[in-house]
Amino acid sequence: MIDTLIHARWIIPVVPEQKVYENCSLAIDKGKIIGLLPSPEAAARFEASEEIHLDQHALIPGLINTHNHAAMTLLRGFADDRPLMEWLENHIWPNERKWVDPEFATDGSRLAVAEMLRSGTTTFSDQYFFPEATAQVARETGVRAQIAFPVIDFPTPWSRNSEDALQKGLALRDDYKANERIDVVFAPHAPYTVGDATLERIAVYAAEAQIAVQMHLHETATEVERALAETGERPTERLLRLGLLGPQTLCVHMTAVNERDIELLQSSGAHVAHCPRSNLKLASGFCPTARLLQAGVNVALGTDGAASNNSLDLFTEANTAALLAKAVSGDAAALPAHQVLAMATINGARALGIDQITGSLETGKSADLAAIHLGQLEQQPLHDPVSQLIYTAAGHNVSDVWVAGRRLLRDRQLQTINEIEVIQRAQQWRARIAGQA
Ligand SMILES: CSC[C@H]1O[C@@H](n2cnc3c(O)ncnc32)[C@H](O)[C@@H]1O
Ligand SMILES: [Zn+2]
């Protein structure tokens, strides 16, 4: 007797092949996928404690959001329509100093996790103050998370300086070392907030203990031009010199890149987190995703925080990524739907170093799944489920989500989060912030 059999109209494993299985089943036991059963006859050989029928649904690997600032959901819509540095320096940073505390991080992260689960995301990577609060929310709610603790050379609401941040972050990593769902890694914030000495220290720790590193990089052309003017180096070259550009590095944004940057990303094995909606909204620039993928660089998807997106729906992000790639490359064939689905799943798992655990529906991997209802009027007629997922679906079409075989969303109802309480807390924060802004 196995735990669960899910019968679905379509199953899209993403890896090892770009194939869509029709009218088939997925067998799950002890949180893991134990088989993709291609026919009702094959499924009939199993007896399961629970059988689930998803007659109008596609079952896919849970989506992977490789870059987020979860708690910033509480600043959604707070300072819209500004370019990056004006947004950060004049609006976000002064206000983060006023309000961001452990309670803010907890309430904002819980809202973010609720929103992500309701839109099919099963894993997220987070970079924010009070990472212990976000890790605790991930622990309680059952989602998979990479908690990238922030390292900045100047004082923040969470740390006095980078030394303080490193100590606290490494202690947090120790607290979670036995947790299979939660990994704690380094997040030096950006080239303009972290100096060489700190980056070198992180490079040493990361190499010694095999710890991942994520950093905002080449977010705008101005960032690259200023770095060149001040130091004579482009940020990618600087990371390479400091030993910080490698297969453990996730470069977030990469909008302003030249051929040399692409060569460095490819030869070092570094990954890219593409956050198209944040880049568009802050008018930061365009990441040349088609060129990067063609060069052999692993490109995954991220939403960035809800204050610059303003949504955490990775389906919408995938749709934007597909359309933007076509516009930027001038090639309608750039980033076809199946490639974008791979970016949102297996490429994300590779970027976070967890592709042996999740990112595809393969035997032995964790049962991290999303079911998407494709029976609505807006999806008819359905010639190609992958096309519908990328070009017409959105987060609200997600019906069910599992992480490690545990059903966290059931018929759109969150199973581990009190939705009403989350909404009430967010509304209380709105009142507090509006009263003091
Ligand atoms: C060190 S915690 C994260 C820090 O980053 C700020 N932030 C949010 N979005 C962006 C972005 O797109 N680029 C750079 N920094 C960003 C956030 O407000 C926190 O201060
Ligand atoms: Zn960011």
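Yeah, the Cβs are placed from backbone N, Cα and C, and that goes for glycine too.
The model shown is predicted, which means the values in this text are computed figures rather than measured ones.
Record check, TrEMBL: Zn(2+) site residues include His67, His69, His216, and the candidate from Asp3, Asp153, Asp304 also listed there is Asp304. Within the set of binding-site residues Glu96, His189, Glu219, Asp304, Asp304 have a CB atom less than 6 Å from some atom of ligand 2. Among the binding-site residues His67, His69, His189, His216, the residue whose Cβ has the fewest other Cβ atoms within 10 Å is His189. Whole-number maximum of the Cα to Cα distances across the substrate-binding residues Glu96, His189, Glu219, Asp304: 21 angstrom. Cβ packing within 10 Å was compared across the binding-site residues Glu96, Glu219, Asp304, and the lowest neighbour count falls to Glu96.
Across the structure, His69 (Zn(2+) binding site) and His189 (substrate binding site) place their CA atoms 11 angstrom apart.
In terms of C-alpha distance, the listed binding-site residues His67, His216, Asp304 place His216 closest to His189 (substrate binding site).
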